[in-house]
Amino acid sequence: MPHFTVVPVDGPRRGDYDNLEGLSWVDYGERAEREDPDGHGNHRESSPFLCPLEASRGSDYYDRNLALFEEELDIRPKVSSLLGKLVSYTNLTQGAKEHEEAESGEGTRRRAAKAPSMGTLMGVYLPCLQNIFGVILFLRLTWMVGTAGVLQALLIVLICCCCTLLTAISMSAIATNGVVPAGGSYFMISRSLGPEFGGAVGLCFYLGTTFAAAMYILGAIEILLTYIAPPAAIFYPSGTHDTSNATLNNMRVYGTVFLSFMTLVVFVGVKYVNKFASLFLACVIISILSIYAGGIKSMFDPPVFPVCMLGNRTLSRDQFDICAKTTMVDNETVATRLWSFFCHSPNLTTDSCDPYFLLNNVTEIPGIPGAAAGVLQENLWSAYLEKGEVVEKRGLPSTDAVGLKENLPLYVVADIATSFTVLVGIFFPSVTGIMAGSNRSGDLRDAQKSIPVGTILAIVTTSLVYFSSVVLFGACIEGVVLRDKYGDGVSRNLVVGTLAWPSPWVIVVGSFFSTCGAGLQSLTGAPRLLQAIAKDNIIPFLRVFGHGKANGEPTWALLLTALIAELGILIASLDMVAPILSMFFLMCYLFVNLACAVQTLLRTPNWRPRFKYYHWALSFLGMSLCLALMFVSSWYYALVAMLIAGMIYKYIEYQGAEKEWGDGIRGLSLSAARYALLRLEEGPPHTKNWRPQLLVLLKLDEDLHVKYPRLLTFASQLKAGKGLTIVGSVIQGSFLESYGEAQAAEQTIKNMMKIEKVKGFCQVVVASKVREGLAHLIQSCGLGGMRHNSVVLGWPYGWRQSEDPRAWKTFIDTVRCTTAAHLALLVPKNIAFYPSNHERYLEGHIDVWWIVHDGGMLMLLPFLLRQHKVWRKCRMRIFTVAQMDDNSIQMKKDLAVFLYHLRLEAEVEVVEMHNSDISAYTYERTLMMEQRSQMLRQMRLTKTEREREAQLVKDRHSALRLESLYSDEEDEAAAGADKIQMTWTRDKYMTEPWDPSHTPDNFRELVHIKPDQSNVRRMHTAVKLNEVIVTRSHDARLVLLNMPGPPKNSEGDENYMEFLEVLTEGLERVLLVRGGGREVITIYS
């Protein structure tokens, strides 16, 4: 499945957030600056909703079915138009795009990207196999089995494979938590842990990959000079003690030549490396199959590789041909070359012979007894050796004697001191390479599926091969041959090759080409990793390595990689380079596990991996295992690697990397104090870190009791976002006089918060007007980065029955304030019917009606609610609306793909709303609304007596300073005969008798009023949408719905309230949602 990014919709680019997340950033400031010709934003039909500029943009804005949302369709686009632009793939990381734009000046250059087409097998499984199987399997596994014994060798393999398996589980969780663009492992680590950790670990990963190239080259040289062409050696030992020096010098010279040639190949074109990758992989697979074939054959026909023993000591067979002290030539006993070596004379004299040679017999034993010979029992136990110690076979008769030191090269001796920890460090590189699949994330058709399946299958496959190989080697090969690292005792044959069928050359040639191929792959991957780090510009002095050839090949990074690899070549010992490699990879794997554990424990809203088989305890175990392996294998290397990583971390921190990648470490700042608050001041949170920080505006009754406690219940059920919760209320009056009431109200709210298990803060303000107090709360609540980004506002019940317009004016003014402050708004309607924390919905649906795109709040809120036990069993359904010209089938497919990448499980349904004529009911409903509004307006203008009476009522109630949240004086309406009949219909108008002499002229005009056409269209939208929603969602546990924006001028406020009432009529529980002008959910990891 392709990767998706959402492109900006009809608007200019506004910085990095648009580039990264792809969705248009709503700038209300710019909207405010676009004034209309009449100065009031009025439509030519005197509509308070639609301005002439928008009306001229085409039929989209005159769509009858969406007329209620038409004012903001330019910044909150229809879902149908948004889904049509989803499928726009890019395989560039954010840093790469920034770097590319910086180089091109205007930032307009874009490369055409091929559609990713690789599946799990070719894209992840086989590359991982090729990278995991390598030089250690062919050159060191037999030696490890002979030295550690089968049991301890199995333990080493188990520990190392468990480490990589746990890391792969963590990596799978991170990789499936959104689209991973090209950049693979480094991208995942850096975007999960932040620029400091990301840069440190990225460089460690780079150094590990670079030293891997050196290790593979050294392995190829060892195979070449030891088994393929020994005469090609340039340096030869000048004495008995110069053997190792000559070997190391040969490795350095040939290693440098090989490295130069491979660097040239990579420089000329990486396409040649990719072409030969399949050939190299075939070599690996054929070599492994030949080992198994040889093991099976050895059960009934073991190969002939005799080993010459002097007493119980193993002799180096490459220096003599006959395994005997004497031989018969022409019926005459003559000394063999072996006698000449130990006695320093061709004569059969014993004067100068080695004492051990004289006292012990020379015997010949089979090097490959076969699986049926029972050597497994002998090879179960360890036989660790010190450097220079002779390889001996337990059980053979031997007479101890002090041998001559100069004869030591005639024996097979240990070249290094061995122990369990040393073998762990040497073997661990043979299980690395698990990142090969994630490194190709940009080429995968469905990375979220392929990376976990392919990587874990590759680890399971290689682990089974390693386990079976350990048992096979222990069961088929003689112990002294296993401990013979270079095959000196079997005539300088590759030990694993002696077991292979049909010929040892299959393994020798196959391993040579596979190690060369692995070296080329490392030299190809490491420069690209360095280039990605350099393009992110988190380490300034590395920026030069972000540049390359015209086609993007990292020339300078390749040069630096070759220089660092040369340092590994100069070490010249495979056994010395392998632990260095282990340190850097273990460091990388440690931080992958740390990233997964941090994200899981923080439970950020964006942490929604499709891979479900992870747990923070597994990640923590993997992290602990990586740390333990680092110190077990080589504690001083571990300290050096950690010191390097620490220095890089502090350097990046000192330089002040101005990067915000939505990393998990920033999430920890929410639980810290001053230091965290200062860091949170640096800028707005990344979309991946966005969580609802709620400001809940409560209404108190006259006794200072919370009027709607279910608002707090609802806030507590959103606590899965792990965000901030502030509960606010307003006391009307003077602060000096009402301070005590404010304190009492605050205590009441805190008690209710405790009952409803809301963890947060309470703030009560005193203001002369309630709407001013609400504006103060919206502006000033919070501290630094700990500020609210969402407002929970109750619905103004009874607004129709109140003759005072302030009953709904305060509500609409608060909506406008949240919009101006770029805050999200949640309006739960019928809050009394919302469930308490003790209820459980065992079934049912949470329905989302996604009509216009508003930043993704509609998708995120149900996900957070379903984390709570009340809503956990509910299923999520997403409905969107298709018009006549929309392809509803394609919309459904696109929406399903989009939700797949958002990692949200939901049923998708596209509801077709065809353009229909405006019904008589809609016309009548609009007429009723406008008559009522006009009547109230005329009464307020002409009935001075009623105004005077209302003023008296207000004066009588001025002592009550506690005021409603949504109206300044909602309950001050006078009772009695003067009360106005608010429900005004044409029928009532016709049936009630009236006297024209007592009716103002303006009131006589009400019967002749014609409804405004824009209002008719909006009412049509509300009625049609309500019909569809009630039909589909009448049994839903909760309905989430886009909240239309308020009118631009205040004359349409009452009509706006009526539209909202009609839109939500007949629904038991409704949550009206209005985004804050920024994205809150993303497909990226």
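The backbone N, Cα and C atoms fix where each Cβ goes, and this holds for glycine too.
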Here are some residues: Asn91, Asn312. Which is flagged as N-linked glycosylation site in Swiss-Prot? Asn312
Which one of Tyr272, Tyr589, Tyr613 goes with Gly433, Ile434, Met435 at the chloride 1 site, as Swiss-Prot has it? Tyr589
When the topology given in Swiss-Prot is taken at face value, are Ala232 and Ala475 found on one and the same side of the membrane? yes
Candidate ranges 357-377, 420-440, 693-713 [criterion: Swiss-Prot lists as transmembrane segment]: 420-440
Tell me which range among 665-681, 750-766, 869-885 Swiss-Prot lists as region 'Scissor helix'. 665-681
Among Tyr186, Tyr206, Tyr216, Tyr356 - the residue Swiss-Prot places in the same K(+) site as Asn131, Ile132, Pro429, Thr432: Tyr216
Which of these, Val730, Val848, does Swiss-Prot list as part of the ATP site with Leu697, Lys699, Lys707, Tyr708, Gly794, Trp795, Tyr797? Val730
Number of other Cβ atoms within 10 Å of the Cβ of Met435 (chloride 1 binding site) across all protein chains: 31
Can you name the residues of this chain that are 6 or more positions from Gly433 (chloride 1 binding site) yet have a C-beta less than 8 Å from its C-beta? Cys128, Gln130, Asn131, Ile132, Gly134
Measuring Cα to Cα across Gly433, Ile434, Met435, Tyr589, which the record gives as the chloride 1 binders, how far apart are the two most distant ones in Å? 11
Same-chain residue ranges lying at least 6 outside the topological domain 'Cytoplasmic' (599-612) that approach it to Cβ under 8 Å: 169, 172-178, 192, 448-449, 452, 619, 662, 664, 667-668, 687-692, 720-722, 860, 863-864, 867, 902-904, 1081-1082
For Tyr589 (chloride 1 binding site), nearby residues of its own chain (Cβ under 8 Å, 6 or more apart in sequence): Cys163, Thr164, Thr167, Gly622, Cys626
